[in-house]
Structure formats: C-alpha cells, structure tokens
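Structure first, then comments.
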Amino acid sequence: MNLHEYQAKQLFARYGLPAPTGYACNTLREAEESASKIGAGPWVVKCQVHAGGRGKSGGVKVVKLKEEIRAFAEQWLGKRLVTYQTDALGQPVNQILVEVATDIAKELYLGVVVDRGTRRVVFMASTEGGVEIEKVAEETPHLIHKVALDPLTGPQPYQGRELAFKLGLSGKQVSQFSKIFMGLATLFLERDLALVEINPLVITGAGDLICLDGKLSADGNALFRQPELREMRDHSQEDEREAHATQLELNYVALDGNIGCMVNGAGLAMGTMDIVKLHGGEPANFLDVGGGATKERVTEAFKIILSDEKVKAVLVNIFGGIVRCDLIADGIIGAVSEVGVSVPVVVRLEGNNAELGAKRLADSGLNIIAATSLTDAAQQVVAAVEGK
C-alpha cells in the first residue's frame, strides 16, 4: 500500500527526519492560505498522486507569487495527471502539496528495502540523487552503497556514519545523516514498511540535509496491526478492480493484455502468464484465487476479470492438491452459469480427480474448453482470442 508524499513527510516529522514545511490542500482557498502560513516564497507546489515522473508532466512547479499557487491548484485539483508510470488515464489529483522552496546544493539518494536474498532490511545510498535508482544500478552500480541491519541488534549509529562517509559527507552532515538513518530505520521497522525512498535527500546551500521527497510503501500483509496507516489509504489512487479484489482476499493485478488469467497459487500464476506470452498472447491480469478455489471465490474472480472490457478470453489454470479437481470443475461451471460469461473459457485442471473434473466440464454444455496440458491451454486460449 502506497502513501502520498505529504503523508510520508508527516511520518518523517514524527521520527525526527528533517523535511520542508508544507501543507496538503484540497481546495483553492487552502492552497492560498498555506502560502501565508509558510511565509515568504518562493514555494513549491506538487500534485499528490501515487506515481513518479510528476515533474516532467507539469505536476511539480516552483512559484514566486500566490497567484501562481492558485493557478496551479485550478489547473490540477479534480483533474488527472498522466506520467510515464501511469496508464493513459492517469491518476486523480485530489490534493496538492504546498511547501517552502529549498536551496539545493547537491542531491543524494537514500532508500530502505527488504532484501529477500540476505533476509535483511537493507539501506541503499548514492550520490546520484534525483534520478531513478534503477538507472544508477544498471549503469553505475559502484555508486550505490548498502548497509544491512542485523535483526538482533537493530540499526546502529555507526552504520549511519559509515554511509555518510561513503557519500562524502563531513562535519555536521555526518551527525545529521546518522540521525536520519536511525529515524528512518525505526520508522521502517515500527510501521511494517516494505519500501522507503528519499529521492532526493538534498544538501542545502547552508550545508544541511533535508528530505525533499518521500515515498513510502507499507506491507499489505501487516496492515491489520497498523490502523493509522490503514486510515491513510487513498482508494482513488488504486485500480478499482484491484481494490475490490483486495476486499475479497483475492490477489489481482491489472495488466494491458486481453487474456484473463485465473490461477490458484502465485508461482503458478506467474508461470501461466509466461506461457501465454510464449505462445503469442498478452495476459490481461495476474489473479491468484489462493488455495481455496471455491465456487464463491471463482465466481467473484470471474466478475473481476470480466469487468475489464479488454478481456477476449479467460484461461483458468488450477492445480488440485488437497482440493479435488471435480469440485473445482463444479465451481467453475456454476460460476460461468451465474456470471453469464460470453467469452471463451479455457480450463486446465491437473492433480486430484483431474480427469473427472475435465469430464464434468465437457458434459456441462457451456462454452468451456477443457485443455489437456498447460501448453495446450495456452495455445487454445491464444487461438480463441485470434478467432481461430
């Protein structure tokens, strides 16, 4: 679950991280009043959306007059911002952030992630701030410095100082960076975060460190014990189908293709999408119905998949372990009948009672194609989309 920049900076302030003074505004009046609260300009106005690339799309602007703040608010509030990270429709702009402009001497990068390889929370820092860290990692990986936190001892001030020295910081900047390091580590661990990015972390003209931007992503599996973060969730920034699937405890991610995929198991779902691509198809989604592929869950999954107008066919790939494939077949038949599926449905069943399940699908009289293997399923669904 992603947070807005202004929400990230609110949390930064609680954990002692320095950030520019600013206010999130929902109306034109609030935007104008915020400038008076901050004091003399110049100011920076930023659209609040869950996407990067705002500046290149006109969603971030430095202004010197209050009239410019009002004009920016009129331009964007209630509109949609399209960036290279959004789809063609863009993301709705419901708030803008007005904050004091910062005198920037140098830009750094600081991020925190969970490294699955080392099973540690890892800090990443670089002197190449203000650009995408993925680009830095690809072109100049030696400029990224890493520190892993020991789960027993937790973050240590000396680790922050080590990173500061590697970034070329000196004097008061070392102690400032160490404080940011410790505060950010505490924030990450206490709030069950999955990702933090401060890009850029800037050195001001006076030589101080300021968190100029903030991106926070919370671990969705831990939200049950983070009520405050749950309240910060902005559903308007999420795909409606994905949000609905989350409420039903279905793992759904919308994609750009036209072949709907329904699978039990995340690994099998990724493999299914791969083989669809291999045979020339384009997946419309990732959808994992989980281990309990009941009729109710399959029905809701069909509804979500078919709410995407791009879907021209559906591939159902189920591996029956403890769950019996004949019962799953009954669920698929019931779901197809109830939902009124009008596109071809290709089903591949494997495992417990797979043959009986395939027979029930064949005898159902519905527009369901029983595949004999995963390769056959992929070929059949691609052919169905192409009208062959």
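The backbone N, Cα and C atoms fix where each Cβ goes, and this holds for glycine too.
These numbers come from a predicted model, not from an experiment.
Under the heading domain 'ATP-grasp', Swiss-Prot lists 9-244.
Annotated ATP binding site per Swiss-Prot: K46, G53, R54, G55, E99, T102, E107, in sequence order, evidence recorded as sequence analysis. Annotation for E99 (ATP binding site): spatial neighbours P20, T21, G22, Y23, I38, W43, V44, K46, criterion Cβ-Cβ under 8 Å with sequence separation of six or more.
Following the DSSP three-state reduction, the secondary structure of N199 (Mg(2+) binding site) is strand. According to Swiss-Prot, the feature Mg(2+) binding site maps to N199, D213.
Positions annotated as substrate binding site by Swiss-Prot: N264, G321, I322, V323.
Taking each of the binding-site residues I322, V323 in turn and counting other Cβ atoms within 10 Å of its Cβ gives the largest count for V323. Binding residues for substrate (N264, G321, I322, V323) extend across at most 12 Å, taking the greatest CA-CA distance. Annotation note: E107 (ATP binding site) sits in a strand segment as assigned by DSSP. Each of the binding-site residues T102, N199, N264 was scored by the other Cβ atoms within 10 Å of its Cβ; the lowest score goes to T102.
Minimal Cβ crowding within 10 Å, among the binding-site residues E107, D213, is found at E107. Calculated from their C-alpha atoms, the gap between G321 (substrate binding site) and G53 (ATP binding site) amounts to 45 Å. Comparing Cβ neighbour counts within 10 Å across the binding-site residues K46, R54, the minimum falls on R54.
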